[in-house]
Structures are given as C-alpha cells and as structure tokens.
Amino acid sequence: MNLHGKSVILHDMSLRDGMHAKRHQISLEQMVAVATGLDQAGMPLIEITHGDGLGGRSINYGFPAHSDEEYLRAVIPQLKQAKVSALLLPGIGTVDHLKMALDCGVSTIRVATHCTEADVSEQHIGMARKLGVDTVGFLMMAHMISAEKVLEQAKLMESYGANCIYCTDSAGYMLPDEVSEKIGLLRAELNPATEVGFHGHHNMGMAIANSLAAIEAGAARIDGSVAGLGAGAGNTPLEVFVAVCKRMGVETGIDLYKIMDVAEDLVVPMMDQPIRVDRDALTLGYAGVYSSFLLFAQRAEKKYGVSARDILVELGRRGTVGGQEDMIEDLALDMARARQQQKVSA
C-alpha cells in the first residue's frame, strides 16, 4: 500500500461517540480540556453532542451530565482553529435542535440514518445545506448492504444537498477489502466535488487497517477518537493512526506528540473501564451488532443473569439496528425466562 503524498482530514469522536463509553457522563470541565487539547494538537474537526446525537437525552438513550447546548456553548468559544460538528439522527434530533447547534457556532452537521433509510434525512440535510453549513450524510451499519446499495442511498443524500457522504462501520464488522470496495465505488460514482468519509470501530481490531484502506480508495475524511474512546472497543485510536499516517507519508496536519499527550494525560484518566477488544466487544464485531449496544447488553447481563455475549449474538441474528436499544432488555428477559423454563422441564 503506497499512500505517500496523500492528505486526509481527521475528525475526532471522543466527545460524542465517547459519550457511549462514559454513559454520557462527561463534565463540562473534561469536555473543554479535551477539546482545547485537540485544538492545540491541530485537530480540524471535533464532534460534540450526546452519543446518539442532538436531542438524544432520553430514557431510551441515556441522560447526559449536561445538555447539548451547554456542552457546545462551553467548548466552542475556547477553540482557536478547530471546528465543531454535531451529529443528528432524524427521529431523535429535530430541525429545532439543528438550528440551536448552528446558533451555538457548530460548523458541520452530520445527518445519520440506517444504511437503507437515507430518505428520512431529506428535511434535515436540506435545512443544513440551506443554512450554508458543511453538510454530511452518514450511512450507519453499512456492512449490512452491498456496495451498490450503499451507493444508491448515498446518491439520495447527495441529491438532498450533502457535500460529504460517510460509509459507517457502526459494528466494527468490516474487513479492509469491503471498505475498499464500498469507499471506492462511492468515490467513483458520486459527484467529484462530493467528499467521501469513513467511520470505523475497533471491535475486530481492524479500525486502523480499514481507515488506511479507505484513504487508499479515495476517502478524504476519516473519523477516529483519541485513545479510542467510543462505543464497543472504541473508534480508530487517533494518536496511533496519526503515527501510522506519519510513517506512511500521509499528511494529517496533527502534532503527533501533542495528540499522544491528550490521549494519555486527559482521555485515559476519564475512562470508566479500559477501551479494548474484550470478548463482548469482539462479539459485537463478529456478529455485526451496533457498537453502542455493548453497555446495554452488559447491564442486562447483571440484571437478568444472561450472558452479554449470548444477548449480542442473538441481536446480530435478528439484524437489529441503531435505535432499537429498547429491544435489548426485552430480549434478555425472554432469554432468562426460557432458561428458567428449561430448568423446570429438566
């Protein structure tokens, strides 16, 4: 693989995807410290919202320590060069949430849908584009459909006004060949002015390899997270990825030592538990399950005595997608009852 001379825009997820790993309990002080550290390291884009995007505060998705608006208003005035993005999932976030984020100074809106449901993004993408901001279409769980279907959905988002389309490996399921195929087709068939991005998870230990494959295939933007802080086994660990890019001659504009220090001195001490490929996170990737389901399954294991791994495998078998978190407890309860009935029958 020869990537020498290529450049890429990196996008940090530690303060949005990382909210999943922190049960959305990141303080304003922590948020500002990490964001300003990333800013000083040269990170061009930082995402800040509830883990499930603008308006995610709910019983279903979790109550954060502070509102999206409080986080955004605390961080954005402190940044000198980095721009802030906000994730929005139609059905969770509304146009009013979008307008609030822009009023706070957000520069990029990323509208996320399941990979087969791009049509629900039309209103939000159209509004963001009308308001003149960098507008990204974000196709989640993209491993579940063919490259041709991803392209079909991407073209819908492009037609609504998105100037960048992401192929998103929400489950950390993809291997490099699949990433190359899907990113390569998007790059070949979308408007040349439309950027292509890739968002990976490390559940199979492939996030860095997949991100490199995406760059080789034509991706201009790559998501990651300092120290990997994110759902499941985390996102592409950015300090490691920057080092790999530096060795391969890929220009990121990031100060390697400074981002290493942000990871080690600020993010790792914040972690509630190590972000690693443990058996449950590995099961997410192997079974193709939405990464933010991990902590829900582990909580259900403690409550009902059913293995989180068994819950995750069954969720994968049923083809569950992001937004179906409420099914996890129902499934665990059903599995516990079935096990109890088996004991009685025996």
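Residue numbers in this text run from 1 along the chain shown.
Placement of Cβ uses the backbone N, Cα and C atoms for every residue, glycine included.
Per Swiss-Prot, the feature domain 'Pyruvate carboxyltransferase' maps to 8-260. Residues or ranges marked as site 'Transition state stabilizer' by Swiss-Prot on the basis of sequence analysis: Arg16. For Arg16, Asp17, Ser170, His199, Tyr290, the entry in Swiss-Prot reads substrate binding site, with the evidence type sequence analysis. Among the features that Swiss-Prot reports, Mn(2+) binding site is placed at Asp17, His199, His201. Per Swiss-Prot, active site, proton acceptor is recorded for His20, and the stated evidence type is sequence analysis.
Spatially close to His201 (Mn(2+) binding site) yet at least six residues away along the chain are Asp169, Ser170, Ala171, Gly172, Ala207, Gly230, Ala231, Gly232, Ala233, Gly234, Asn235, Leu284, Gly285, Ser291, judged by Cβ distances under 8 angstroms. Between the farthest pair of Cα atoms in the substrate binding residues (Arg16, Asp17, Ser170, His199, Tyr290), the distance is 15 Å. For the pair formed by Tyr290 (substrate binding site) and the residue listed as 'active site, proton acceptor', distance between Cα atoms is given as 12 Å, rounded to the nearest Å.
Mapped onto three states, the DSSP output places Arg16 (site 'Transition state stabilizer') in coil.
Geometry remark: His199 (substrate binding site) versus Arg16 (site 'Transition state stabilizer'), CA distance 13 Å. According to DSSP, His199 (substrate binding site) sits within a strand segment. Neighbour count (other Cβ atoms within 10 Å of the Cβ, all protein chains): 31 for Arg16 (site 'Transition state stabilizer'). Here His20 (active site, proton acceptor) comes close to Gly51, Gly230, Ala231, Ser291, Ser292, Leu294, Leu295: these same-chain residues lie at least six apart in sequence, with C-beta atoms under 8 angstroms from its C-beta. For Asp17 (substrate binding site), the same-chain residues that are 6 or more apart in sequence and have a Cβ closer than 8 Å to its Cβ are Glu47, Gly51, Ser225, Leu229, Gly230, Ala231, Gly234, Asn235.
Those residues of the chain, other than Arg16, Asp17, Ser170, His199, Tyr290, with a C-beta within 8 angstroms of the mean position of the substrate site C-beta atoms are Met13, His20, Met140, Thr168, His201, Gly230, Ala231, Asn235, Ser291, Ser292. Shown are the binding-site residues Ser170, His199, Tyr290; of these, the residue with the fewest other Cβ atoms within 10 Å is Tyr290.
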